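Undergrad: Before I ask anything, let me first share the structure, which is written out below as structure tokens.
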Amino acid sequence: MGNKQTTFTEEQLEAYQDCTYFTRKEILRLHGRFRELAPHLVPLDYTNNPDIRVPLSLIVTMPELKENPFRERIVETFSEDGQGNLSFNDFVDMFSALCEASPRELKTIYAFKIYDFNRDSFICKEDLEKTLNRLTKGELTAEEVALVCDKAIEEADLDGDSKLSFADFENMISKAPDFLSNFHIRI
Amino acid sequence: MSDGVPRGLQVKRARGLSRTVRYQNRRRLLMMAEGSKADSRADRGGMAGNFDLNQPLVGAGLESPADEEGVHVSFSQLIAEQCQDGEDLDGFELQQLDEESRDYVTELGSGFEYSGRGLNDMEMDSDGRQTDPLVSVPWSSATMKILSSMPSRTIGRSRGAILSQYYNKTLQLRRRSQSRPSIRDFSRSSRPSIRGYGMEVDVTDGPESEIKKRERLVNNLQNLSVGDRMKMLRGMPLSVAEKKNLRRLTLQKDKSPTSSSKIPCCSQLKYYIIIAVRHSWYSWLSFLHSLQLWQFLLKRVGGRFGTGVLSYFLFLKTLLFFNIFLFLVTFLFLVLPQAMHPPELPEGGRDFTGLELISGAGLFTDTLMYYGYYSNFTLQRSCAGEHNRSASSDPDCLSKRFSYNMSLAYFFTIGMSFFITCIILVYSMSKSFGRSFRIDKSYSILAMKVFSSWDFKVIKQTSVELMSENNCTQLKELLAEVVQKKEKNSPCQALWRLMVHGLAWAICIGATAGCVISVYFFSEYMHKDLQRTSRQANANPLLKEASLLALPALVSLLNLLLPGLFNLAAWMEEYHSPSVRTYVALGRNLMLKVSVLAVLCYHWLGRVAAKPNDINLVCWETFVGQELYRFLIMDFIFTLLNALFGELLWRLFSQRVLRRGRKPAFDIARNVLDLIYAQTLAWIGVLFSPLLPAVQIFKLLLLFYVKVSSVMMNCQAPRRPYRVSQMTTIFITLLCFPSFLGASVCVTYTMWSIPPSTSCGPFRNLGTMFQAGKRWVQELEKNNPDLSVVARVHAYLVENPFFLFVGAGIFLIVIYFYSQVVDGQRKVIALLQEHIEKEGVDKKYLITQLQSVHERKKRIPRRLRSQDSGC
């Protein structure tokens, strides 16, 4: 331990533990993973909170995200600047929200943001179309996609405005039993 | 997006409002409008200058719950404000407005659909652009402002909104911790009305208000307990940097009073102690975390096969923990004390032959493994020399402090471990139920499918492709169902299907019955064979031991082969719905396993235990323990063989010979049922062989690695959709209901009514095992008469069946109440859903009204101008 360089101070680690669902070991591991992505960018020493952002193109090379059709959206959602550049804080935030311990409420909020492609705080038909195309790798015909969109919105829309607000989404997701286990990335 | 008309039409079609709702709303509108007319007429005299919509709204809100009032009032206030401060409003203008409100009534009465569509157009472009050609006037900035502050738009969007939302939450939490919530509080907070999120969502989201909000939130956070604060912080949908900032502020405020003022030394000490405790708690947590088994392998399996296959391994892990618990208990309270005081054994001098590992007999017979080895004495450390003499007879060893009554310990250890296991099982079952079966029925299947079907865990490319393919077919199927409803089968077809189902069930039930009968007669035959050989003095002991393996081998073979037959039957039936197919397969496998186990229990408890002398047994409990050991081991061997030959060879066969491109799928349901079967054996066996959980632990550990490698090599993700959380619940339920309950019934029956062997085990000299407790209580009463209450309590509570019935009755009543509560909640949910629907319509109405007021305001000056020019 003596000659090992410290990555975080005790206080930082405690702050991370208080604010995320990770233990100190996992935080350190996450830092390792983060550093792995861009060794030349990310320093080992994080005690003075360096403001370093790793671009989206590097983040999505992680094996956990590589095959995920929503990878860009996930990264964009959690990046502070909205462009997909992640600081270490954002990185931790992302996996904390996607980990097993995070509650349904938090997951629902982030899922909503991820599926809201055009970021207008609504899941409208366009968003649904994009989601569907990613889900099926574009194997549905355009008519089928349109039909699924219509039906899905009709089913889940409570206030009749033909798009899903967060309230609609939350209500719908609360009935989906598999959402919690599926919206989960093991790190 | 920009085409207004078809969209509006489609809304009309798709809104899904019942006709009655629409009718009610129209009526409400008329009432409201009339009220406003009357109101304004009254106002005309006094000219209060305030366009007040309050009273008519209250009057119209008769059918809506009282909570809505607040919303309406606040909306009308907003409208009134707009009327007041937008431009200079003098009396003249208001009068004009009153006159106009007449045609306004007709417009509203006739054109609700129109207004609804208008709203939709407006909502499409929330940034203020108006693209609909029909509505020429753009929405006023005030309307836009109100719209943008609507809770459905602000939740989770802006930082300020999140802050204030969490401020409200902390307030609620504080209130709750101070006093139990009254019913009124509860109903309000669970209301999906705007009020639920608080009107604190400010219209202006300026930086100052955000700072203020943050301050208030920090204040609140500070007043929460540490655990609550952490939970709240973790659950906030803010970035970590923001959260850290909040935490820092909170901690600062925490510290500042202590550091600034002169603090007494004890509170400083307290502070340090708190820090130290927290520190140790964190290290304990991370230690616990590092104990989590198989993280890496589970991640690999999950990444490759998705949640379905993963659930099998998680279930295996759960079973492992159950067994570790059972093992720890029996080891600490039975094995360890007995191992420290080994009884004197007759010098048998059996050699190790290797067959023991499978049969459990031979060398293993007189060891800690089995019931027969345990002594019935009170073990005493204080007089270790005479530990094999009963304590009561020895005056020197009357110091009861170190005495250890083995029979009592045996009885209570088994009883308590079953009891605790039962509690854990019921708890995990209820938790699982809560997670997977939502109270309200779901209507939005398609939407759920779209948003929750992607398994984010999966990271392998081929699996990802498979998953998207699956999604595609499932969506198509769902779509077909939704679009063309249910097509009616012709009666001929229905009859045909019925016949096929009947045939399949007949085959399955027949096969199961055949199995049961064959096991029954084979066990009888083996029993008779054993009787014969036991009489012969010069029989080869090895041969005798080996012949005992025939029955376990037969049962395991049946367990291996029959599921294949069931699969064949299911293939013949061609079930449309995959879930029905899974349930049917589960039901058939369960039927087989339960009936086979029932026959075996009869064999052990009815044949062997009833007449142990027939087969020359000294200790029938040990024999039954050995039998269970054999069954466990045999089951394990057959599972291994299945993994090796079944899965591997089948894969090679289907890939090389059949030239199929894909590997066989992993049958989750069947594998889980195998696990449950083995666990039932282990639970039954704990009584007869206290170390059987250790065997089961060993077996599960090995099985995990074998199965992981077999799955990785030979299988691919199941093609059929698999409802993970629901299936997990069902598995836990099955583990609890037939498996654990059956095992405990067996054990209880053995303890209650079968006389134990007279020359071995901790319960020798007793009529039944159950009498151990009774005798202890009697002795206790004899030694110190003060404790006669205990004896009486014991006599009434444990020995009297009446209390058992009362307990069961209370249990049933509690279940009944719970089911009633759930039923009530379901009704409340239905009501609330209707409420949401209506509130949506109300919202629309209010917004259009707001807009119309605004429009009129614009029109009035124009008209005034025209009047001026006319003059």
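Even glycines carry a Cβ here, placed using N, Cα and C.
Among the features that TrEMBL reports, domain 'TMC' is placed at B:619-725. Residues or ranges marked as region 'Disordered' in TrEMBL: B:174-205. Summarising the annotation, TrEMBL assigns transmembrane segment to B:281-298, B:310-336, B:408-428, B:494-522, B:548-569, B:590-609, B:629-650, B:727-752, B:802-819.
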Undergrad: Sequence-remote contacts (6 or more beyond its ends) of the transmembrane segment (B:408-428), Cβ cut-off under 8 Å?
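TA: Tertiary neighbours of the transmembrane segment (B:408-428) are 318, 322, 325-326, 329-330, 333-334, 337, 374, 683, 686-687, 732, 735-736, 740, 744, 747, 751, 762-763, 769-770, 772-773, 776.
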Undergrad: Sort out the residues at least 6 away from either end of the transmembrane segment (B:548-569), same chain, that have Cβ-Cβ distances under 8 Å to it, and list them.
TA: 358-359, 361, 504, 507-508, 511-512, 515, 518-519, 522-523, 526, 530, 585, 588-589, 592-593, 596, 600, 626-627, 630-631, 633-635, 637-638, 641-642, 646, 667, 670, 674, 677
Undergrad: Give the one range among B:310-336, B:590-609, B:727-752, B:802-819 whose Cβ atoms make the most pairs under 8 Å with those of the transmembrane segment (B:494-522).
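TA: Looking only at B:310-336, B:590-609, B:727-752, B:802-819, the most contacts with the transmembrane segment (B:494-522) come from B:590-609.
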Undergrad: Count the residues of the domain 'TMC' (B:619-725) that DSSP assigns to helix (H, G, I), to strand (E, B) and to coil, and report the three numbers in that order.
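TA: Residue counts in helix, strand and coil order: 81 helix, 2 strand, 24 coil.
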Undergrad: Restricting to the same chain and to residues at least six past its boundaries, which positions have a Cβ under 8 Å from a Cβ of the transmembrane segment (B:590-609)?
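TA: Non-local partners: 508-509, 512, 515-516, 519-520, 523-524, 527, 555, 558-559, 562-563, 566, 615, 617, 620-621, 623-624, 627, 631, 673, 676-677, 680-681, 684, 734, 738, 742, 746, 749-750, 754.
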Undergrad: List, by number or range, the same-chain residues at least 6 past the transmembrane segment (B:310-336) whose CB is under 8 A from its CB atoms?
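TA: Non-local partners: 293-294, 297-298, 301-302, 368, 374, 409-410, 413-414, 416-417, 420-421, 424, 428, 457, 666, 668, 671-672, 675, 679, 682, 686, 690-691, 693-694, 696-697, 700-701, 703-704, 707-708, 724, 727-728, 731, 735.
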Undergrad: Mind looking up the mean pLDDT for the domain 'TMC' (B:619-725) in the predicted model?
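TA: A mean pLDDT of 86 is what the predicted model shows over the domain 'TMC' (B:619-725).
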